[in-house]
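Written out below as structure tokens is the structure these notes cover.
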């Protein structure tokens, strides 16, 4: 049995350096699928520590295919796995925030546990997800937003894919995705499926150089800022850590309806996003997009607080900027020069 697996089975937690070595072994293909499944199961059962998470993140970031970072870009990648089957809120928020002037490096993947992953819905919207590190950077520079399709940037993840799929439950990799943006962004909005996990991720992030990160977990179970219940937030900014909660009413929004933001496929998700940008969607869908885009605008440094960011996002949707931004994102690179 793998020595790290044996240690965890015996109740030990791993130091950061040990966690790094374990992740290297998984990423190198040096562990069997049963060993990988075993370690993921043990960690999920007892709960990961911030030290372990930080060690895993260091390796994931170091091995990511990247051409270097860009200043002041923001990511809206969340953990997923909330089981509520909403449309792709973080993707709609990313497009809206980029329409309002934020530089967005959206990290994401196809669906694993949800009805629609960010890559799935972007394809349905007509946005290319097959991008190299260089073309992502050019897209951010030219269009304010680029999409980093996780399998293209984290090729070593192929060694754990089978074990993850076979396990079928949330593992540490749900937490690692948002923490492993290949451009190593320092500004993020991270939706988390539980507030305990948000606290864990915040503690791990404090071991890295971050400028402004919001981790959000709603009390209705959403891994987003919600319009149907209060949302608990951890904010990391300038070396400080704040915890607080917000409610939809603080932003002038009436309590929304979950059924208005739920979908059964990536096609439905894409259609709802198009309707939001065309000002034809239910108010719940509009408001939840504005709220989450507002958080991205705020963490990008373009608003003084979440309320101002949300107001800016709402205007970007209502005045057609978000719809026009989606059309820009659909353009191929050569068409931008035509």
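Yeah, the Cβs are placed from backbone N, Cα and C, and that goes for glycine too.
Copied over from Swiss-Prot:
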BINDING   78, 81-82, 86, 88-91, 106-114, 118  5-phospho-alpha-D-ribose 1-diphosphate binding site
BINDING   78, 109  anthranilate 1 binding site
BINDING   90, 224  Mg(2+) 1 binding site
BINDING   164  anthranilate 2 binding site
BINDING   223, 224  Mg(2+) 2 binding site
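Sequence features, as recorded in Swiss-Prot, placed on the structure.
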{"residue": "78", "record": "5-phospho-alpha-D-ribose 1-diphosphate binding site", "Cβ contacts under 8 Å, 6 or more apart": "90, 178, 189, 190, 191, 192, 223, 224"}
{"residue": "86", "record": "5-phospho-alpha-D-ribose 1-diphosphate binding site", "Cβ contacts under 8 Å, 6 or more apart": "222, 224, 258, 261, 262, 263"}
{"residue": "107", "record": "5-phospho-alpha-D-ribose 1-diphosphate binding site", "Cβ contacts under 8 Å, 6 or more apart": "75, 77, 148, 150, 177, 178, 180, 181, 182"}
{"residue": "109", "record": "anthranilate 1 binding site", "Cβ contacts under 8 Å, 6 or more apart": "117, 118, 119, 149, 150, 151, 177"}
{"residue": "110", "record": "5-phospho-alpha-D-ribose 1-diphosphate binding site", "Cβ contacts under 8 Å, 6 or more apart": "117, 119, 120"}
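With a 10 A radius on its CB, the residue listed as 'anthranilate 2 binding site' counts 20 other CB atoms from all the protein chains.
Using a 10 Å Cβ-Cβ cutoff, residue 224 (Mg(2+) 1 binding site) registers 27 neighbours.
Cβ-based neighbour count (10 Å, all protein chains) for residue 223 (Mg(2+) 2 binding site) stands at 29. Around the Cβ of residue 90 (5-phospho-alpha-D-ribose 1-diphosphate binding site), a 10 Å sphere holds 27 further Cβ atoms from the protein chains shown.
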